[in-house]
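Enquirer: Below is one structure. I have some questions about it.
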């Protein structure tokens, strides 16, 4: 990009958002002749309106998604004008923004993890929609579409939600052994990320009941309770999400709530008559052109692909688990779920493998 234009884009991206309306509307006249004259903003009596989807936009890991955004003038100003567009990702509490993309005309610049994955779709006269390819787990969240025309600056927010599943995770060392940063890492190791509150709340509304407290992505520690009981906040509290609030990210230790989305590949089961050790299980998956599955992949296959197997199998973290969609005799409790045998130091089992499609 030309140096001056790049500087303009960077300055636009770094600007903070301070919504206000002073009763006046302005018309920005772009000076394309480069004659050294200052650009002039004229009052034109037209109001800029920006609109996104009122409903959340749903997607999943690895997909492509479009976040709709359109703008208009009241009254209409006629031919399409040369405006600036800025997309940013918001924290849940709206206190901080992450720059995603800025655009002036047909020239745009994406930032951070969105480089090479995001662009503006301007298929119609007043469209400013954001297209994100190869959606990642951490793309889940709220996005602001901001349109700038001279001195006028209007925006709206759209919510991108990934279809996924929340699962509690304890490492082999046992309960309450993870500080916040270790919790982040163990979720990543399992093909997942730390869940946010909205994801945990959705999981609770779908039936998740777990009495061990775990880290969430915002540094708080919480746990979901469907059936109140003595050692889970007390029998007199209503069902809901119990919260310890923000905890010290280095000193305090809890479990983790991880979030995984739908898979681009498949999870399948392999076994031998005498079973396999963990190392033999890993090799068996490699021989099949796959890799030993992670915990998040098993949960996703159970949730989205209906994987139902009443045979225990090794996973990449050294745990032994099996997924049950249809509860039946000799396959654990009467509810669907992923059963766990923990982290056996010895034993011979089958294995769950994961292979990209």
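The backbone N, Cα and C atoms fix where each Cβ goes, glycine too.
Not my notes, these are from TrEMBL:
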SIGNAL    1-15  signal peptide
DOMAIN    46-158  domain 'Ig-like'
DOMAIN    165-260  domain 'Link'
DISULFID  211-232  disulfide bond
DOMAIN    266-355  domain 'Link'
DISULFID  310-331  disulfide bond
Enquirer: Hey, how far is residue 331 (disulfide bond) from residue 211 (disulfide bond), Cα to Cα, in Å?
Expert: 23
Enquirer: Sequence gap of 6 or more, Cβ distance under 8 Å: name the residues on the same chain that satisfy this around residue 310 (disulfide bond), in order along the sequence.
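Expert: Listed in sequence order: 322, 324, 328, 330, 331.
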Enquirer: On the 0 to 100 pLDDT scale, where does the domain 'Link' (165-260) sit on average?
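Expert: On average, pLDDT over the domain 'Link' (165-260) sits at 95.
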Enquirer: In the structure shown, with every protein chain counted, which of the disulfide-bonded residues 211, 232, 331 has the densest set of Cβ atoms within 10 angstroms of its Cβ?
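Expert: Top count of Cβ atoms within 10 Å goes to 232.
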Enquirer: With DSSP, how much of the domain 'Ig-like' (46-158) is helix, how much strand and how much coil, in residues?
Expert: 6 helix, 62 strand, 45 coil
Enquirer: Within the domain 'Link' (165-260), count helix residues (DSSP H, G, I), strand residues (E, B) and coil residues, in that order.
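Expert: Grouping H, G, I as helix and E, B as strand yields 19 helix, 30 strand, 47 coil.
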